[in-house]
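Read through the structure below, which is laid out as structure tokens, and then see the notes.
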Amino acid sequence: MSVLDIAKGMGVTLSHLFKKPVTVSYPEQKVDIKARFRGRHHLLRHPNGLEKCIGCSLCAAACPAYCIYVEAAENDPANPTSPGERYAKIYEINMLRCIFCGFCEEACPTGAVVLGHEFELADFKYKDFTYGKDDMLVGTVGSKWQRREADRLEKPVELGFKAGQRVELEGVDY
Amino acid sequence: MNDALLVTFVKALALCVVLLGAFAYMTVIERKLLGRMQHRYGPNRVGPFGLMQPIADAIKSIFKEDIVVSASDRFVYFLAPFISIVFALSAFGAIPAGPAGSLFGFNPWIVDLDIGLLYVFAATSIGVYGIFLAGWSSNSKYSLLGGLRSSAQMISYELGLGLSALTIILIAGTLNLREIVDFGVWSLSPLLWLPLAVSFVTYVISSVAEVNRTPFDLPEAEQEIVAGYLTEYSSIKWALFQMAEYVNMMTAAAFISTLFLGGWRGPEALNALVPGVAEWPFIWLLLKMAIFMFLFIWLRATLPRFRYDQLMRFGWIWLFEIALFSALVTGAIIAFAL
């Protein structure tokens, strides 16, 4: 370590003193999330309003953490929930067990379950971490706690991030 | 009670309060500067711009559980932080901060010692005992290693420190800090500028080692020996060591300014703009101190830590010899050329 090297290093630190910090002051400032970020799952619908999920349980089979539970039921031909023969009567994901690997998304033959950008999933009770269809279908914004808090304050859910659009997230609007 | 004694007492008390307040805000300034140099904000949660951070830290330190190691040497274990902080605070007293009578008619120094320079050296050296005893009395291998490193390091660097200061003593011909400032060491002869500059550099480097700052912070090398002598200390006793470290930094900064940069005197050239501005008390000393405090923080943000053998080699082979040589050259110039 010569004196010149030290001087050079001191110059570097001094120049960085006048640069803008890269820290995102998270709750006040929104996090800039990349489009392919894997957060909370969304259950998508076809443009005609039918659910994409056909209740095949491939996602549950692919899941390395065994956090998905699907119970299928026959569609009512007069008033179908999904375009196939069957639909998911119950679709639950335990967000505490989920490792957000995205294997469910890869396994899904219809592109029904897609990992979105929401990451603020903290809550107080174990049971509140089991997300059902109501919590994940398109149109539901925010985690369970965020929605409870929004109800209490009578304000819309405020998400702590901004993200680029992702084509797989059909119909999801952040 | 004697009036002079009372005045000294009040001034000493005020100095302690000022130094401890300055310590509190130095921690914030240091963390902010380090943060900005690393593209972070640093503390900004408590109060506006994080300015209340030291108060939060103080409350936290005081109310944290004070763990006393059961295998420790109790008396020495309690004594060590007090030795550190008491001698750190008392070292500052001899440093003059302005011309005589400029502090509301009083003198802006606590004591005007004829051996002021030796006194500061002595007091800062006794501070080593605090660290060494802390390491020994904790009865922990990390603490002992930290204490050992600290004492070995400080003893080695005191040589460089003393020999660099010898240049000043030779030129000014006095140990009284006030007289050294009045003498103006750079004004004697241009021949002495080179040895003075060399002494200045060696003195600053030795000072960094003396106050245990990066790159010479081996006594508290977190990676190898946890926190060195601080390992077994918690709560307010830990805070006292931190206080001692920062007060030592400030003393070192003030002492460098006093010895080499004209202490409380400002640049004479400014007297043409504002008459008497170079004689204003406190401002110039504080400004010079601030520059060195920034240097200490800047060094910490930049340099990695020395290995122990590198540190000892640097101290004994380079710093000691260079300082010795510069003192010899100064002596020769004064004896034969002036």
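Positions of Cβ are set from backbone N, Cα and C atoms, glycine also.
Taking the Cβ of A:Cys56 ([4Fe-4S] cluster 1 binding site) as reference, residues of its chain lying under 8 Å away and at least six apart in sequence are, in sequence order, A:Val70, A:Ala72, A:Arg86, A:Pro109. A coil conformation is recorded for A:Cys56 ([4Fe-4S] cluster 1 binding site) in the three-state DSSP classification, outside any helix or strand. According to TrEMBL, the feature [4Fe-4S] cluster 1 binding site maps to A:Cys53, A:Cys56, A:Cys59, A:Cys108.
Annotation source TrEMBL lists [4Fe-4S] cluster 2 binding site at A:Cys63, A:Cys98, A:Cys101, A:Cys104. Neighbours of A:Cys101 ([4Fe-4S] cluster 2 binding site), defined as other CB atoms within 10 A of its CB across all chains, total 14.
Residues or ranges marked as domain '4Fe-4S ferredoxin-type' in TrEMBL: A:42-73 (among others).
As annotated by TrEMBL, domain '4Fe-4S ferredoxin-type' applies to A:89-118 (among others). The domain '4Fe-4S ferredoxin-type' (A:89-118) scores a mean pLDDT of 91 in the predicted structure.
When the binding-site residues A:Cys53, A:Cys59, A:Cys104, A:Cys108 are compared by the number of other CB atoms within 10 angstroms of each CB, A:Cys108 has the fewest. Same-chain residues with CB within 8 A of the center of the A:Cys53, A:Cys56, A:Cys59, A:Cys108 CB atoms, the [4Fe-4S] cluster 1 site residues themselves not counted, are A:Ile54, A:Gly55, A:Ser57, A:Leu58, A:Val70, A:Ala88, A:Cys104, A:Ala107, A:Pro109, A:Thr110, A:Ala112, A:Val113.
Remote same-chain residues near the domain '4Fe-4S ferredoxin-type' (A:89-118) are listed as 33, 37-44, 51-56, 58-73, 126, 129-133, 136, 142-143, 159, 161, 163, 166, 168-170, 172, 174 (criterion: CB distance under 8 Å, separation of at least six residues from the stretch ends).
Checked against A:Cys108 ([4Fe-4S] cluster 1 binding site) by C-alpha proximity, the binding-site residues A:Cys63, A:Cys98, A:Cys101 yield A:Cys63 as the nearest.
For the domain '4Fe-4S ferredoxin-type' (A:89-118), DSSP puts the residue distribution at 5 helix, 9 strand, 16 coil.
Mapped onto three states, the DSSP output places A:Cys63 ([4Fe-4S] cluster 2 binding site) in coil. Checked against A:Cys53 ([4Fe-4S] cluster 1 binding site) by C-alpha proximity, the binding-site residues A:Cys63, A:Cys98, A:Cys101, A:Cys104 yield A:Cys104 as the nearest.
Apart from the site residues A:Cys63, A:Cys98, A:Cys101, A:Cys104, the chain places the Cβ of A:Cys59, A:Ala62, A:Pro64, A:Ala65, A:Cys67, A:Ile68, A:Ile93, A:Ile99, A:Phe100, A:Gly102, A:Phe103 no farther than 8 Å from the centroid of the site's Cβ atoms, the recorded [4Fe-4S] cluster 2 location.
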